[in-house]
Amino acid sequence: MSGELWITLVDTADIVGVTLTFCVNIVLLGLLKTRGKNLGTYKYLMAFFSVFSIFYAIIEFILRPIMHIENTTFFLISRKRFNYSTKLGKINSAFYCACFATSFVVSGVHFVYRYFATCKPNLLRLFNLPTLLLWPLGCSVPVTMWASVSYFLYPDTEYTEAAVTNVLNNHYNWIKKENVSYIAYVYYQYENGVRHIYLKNLLGCFVHYFVMSMTFVVMFYCGYATWKTMNEHKDVSDRTRALQKQLFKALVLQTLIPTIFMYAPTGVMFIAPFFDVNLNANANFIVFCSFLYPGLDPLILILIIRDFRRTIFNFLCGKKNSVDESRSTTRANLSQVPT
């Protein structure tokens, strides 16, 4: 499809995504406050992810990213809403990359918590204060790695300046060069028929893949171990087992959503230039997916956790008594969850 059509789709997804993200996450935060009293420290993880999702959606709305793959180069281009320096634009793009990486890392932490709750309950103390505060510090390491390589290993050069100008002129001719900032992932170039590989850029991509792979391995291992343990142990109450299964189903779906909307598109984003696959403006399907992701992910929790779902349904139907009953049921159920 043409660049103009893709920009229309991306901008529409931006509006839909930020609206959905705000509505769903505010509802989830309200449910956590009124129905999550006895959910333990897990409610803090869900609350953090909700707040982060809102923040991520705001960043995307401000930066208005577009993506383009052409001539062994992947371009992350941000359309400026107001004028600022090239250096600040580079920092903004790297910060967007940090938010992108955070979504992977936090998903992994969710699975670690459920793994501890089901398989290693004695380790749940690591999610209590004050050690709970160490988790953001640990998560910041891979996030900082991702953002740092995006900023330092992909400098603007004469080639990238000419390349991004050519991309804008050929595919997005209504966007002026001075109104964008960008990061160009150049894998290699051909000069006089000889291929010159950019080792720094390939190293940066390796770091990105390492972070993605590690978070995916953590989710897969913890998810499998949790499922196996739940099926082996029959000595827990029906209420506890039911709630554990609801939370596990939510996490499984919360793995599928980022896999479809984040992992798979990002994998294509980094692999296509290496094999000289010119997706051109079609690479914007990655942005399209990323705009919708922050609103879809927390929606899973609301739909899967029965008491959350019933509370919303009863509220919409005006059944106050049922809502109060749901609150009591929620407290009874969640009191069974390890904290």
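One-based numbering along the chain as shown.
Even glycines carry a Cβ here, placed using N, Cα and C.
Swiss-Prot lists 1-11 (among others) with the feature topological domain 'Extracellular', giving sequence analysis as the kind of evidence. In the predicted model, residues of the topological domain 'Extracellular' (1-11) average a pLDDT of 92.
With a cut-off of 8 Å between Cβ atoms, the residues of this chain six or more beyond the transmembrane segment (12-32) that come close are 39, 43, 46-47, 50-51, 53-54, 56-58, 60-61, 64, 287-288, 291-296, 298-299, 301-302, 308, 311-312. Annotation comment: Swiss-Prot describes 12-32 (among others) as transmembrane segment.
Marked as topological domain 'Cytoplasmic' by Swiss-Prot on the basis of sequence analysis: 33-42 (among others).
The transmembrane segment annotation in Swiss-Prot covers 43-63 (among others) and is backed by sequence analysis. Tertiary neighbourhood of the transmembrane segment (43-63): same-chain residues 14, 17-18, 21-22, 25-26, 28-29, 32, 36, 78-79, 81, 92-93, 95-96, 99, 102-103, 106, 109-110, 113, 127, 132, 290-291, 294-295, 297-298, 301, selected by CB-CB distance under 8 Å and a gap of 6+ residues from either end.
Sequence-distant contacts of the topological domain 'Extracellular' (64-92) (same chain, six or more residues past either end, CB-CB distance under 8 Å): 6-7, 10-11, 14, 151, 156, 160, 163-164, 167-168, 171-172, 175, 179-189, 269-270, 272-274, 276-281, 283-284, 286-287, 290. Marked as topological domain 'Extracellular' by Swiss-Prot on the basis of sequence analysis: 64-92 (among others).
According to DSSP, Asn71 (N-linked glycosylation site) is assigned to coil rather than to any helix or strand. Long-range C-beta contacts of Asn71 (N-linked glycosylation site), restricted to its own chain and to partners at least six residues apart, with a cutoff below 8 Å, comprise Ala163, Asp276, Asn278. Swiss-Prot lists Asn71 (among others) with the feature N-linked glycosylation site, giving sequence analysis as the kind of evidence.
In sequence order, no residues are near Asn83 (N-linked glycosylation site), counting only same-chain partners six or more apart with C-beta under 8 A. Taken residue by residue with DSSP, Asn83 (N-linked glycosylation site) is part of neither helix nor strand, so it is coil. According to Swiss-Prot, the feature N-linked glycosylation site maps to Asn83 (among others), an assignment based on sequence analysis.
Look at Swiss-Prot and you will find 93-113 (among others) tagged as transmembrane segment, backed by sequence analysis.
If you look up Swiss-Prot, you'll see 114-131 (among others) marked as topological domain 'Cytoplasmic'.
Residues or ranges marked as transmembrane segment by Swiss-Prot on the basis of sequence analysis: 132-152 (among others). Remote same-chain partners of the transmembrane segment (132-152), defined as residues 6 or more beyond its termini with a Cβ less than 8 Å from a stretch Cβ, comprise 41, 44, 90-91, 93-95, 97-98, 100-102, 105-106, 109, 126, 183, 203-204, 207-208, 211, 214-215.
Swiss-Prot lists 153-201 (among others) with the feature topological domain 'Extracellular'.
Positions annotated as N-linked glycosylation site by Swiss-Prot: Asn179 (among others). Within its own chain, Asn179 (N-linked glycosylation site) has Arg79, Lys80 as residues 6 or more apart in sequence whose C-beta sits under 8 angstroms from its own. In three-state terms derived from DSSP, Asn179 (N-linked glycosylation site) belongs to a helical segment.
Residues annotated as transmembrane segment in Swiss-Prot: 202-222 (among others).
The topological domain 'Cytoplasmic' annotation in Swiss-Prot covers 223-254 (among others).
Swiss-Prot lists 255-275 (among others) with the feature transmembrane segment, giving sequence analysis as the kind of evidence.
Note on the topological domain 'Extracellular' (276-284): residues 1-3, 6-7, 9-10, 66-72, 74, 171-172, 268-269 of its chain, located 6 or more positions outside it, place their CB under 8 angstroms from a CB of the stretch. For 276-284 (among others), the entry in Swiss-Prot reads topological domain 'Extracellular', with the evidence type sequence analysis.
Long-range contacts of the topological domain 'Extracellular' (1-11) within the same chain, counting only residues at least 6 positions beyond its ends with a Cβ under 8 Å from a Cβ of the stretch, are 64, 66, 171-172, 174, 280-282, 284, 287-288, 291. Residues 67, 69, 72-74, 100, 103-104, 107, 111, 185, 187, 205, 208-209, 212, 216, 219, 223, 283, 285-286, 289-290, 292-293, 296-297, 300 of the same chain sit 6 or more residues outside the transmembrane segment (255-275) yet have a Cβ under 8 Å from a Cβ within it.
With a cut-off of 8 Å between Cβ atoms, the residues of this chain six or more beyond the transmembrane segment (202-222) that come close are 101, 104-105, 107-108, 111-112, 114-115, 142, 145-146, 149-150, 153-154, 185, 187, 255, 263, 266-267, 270, 274.
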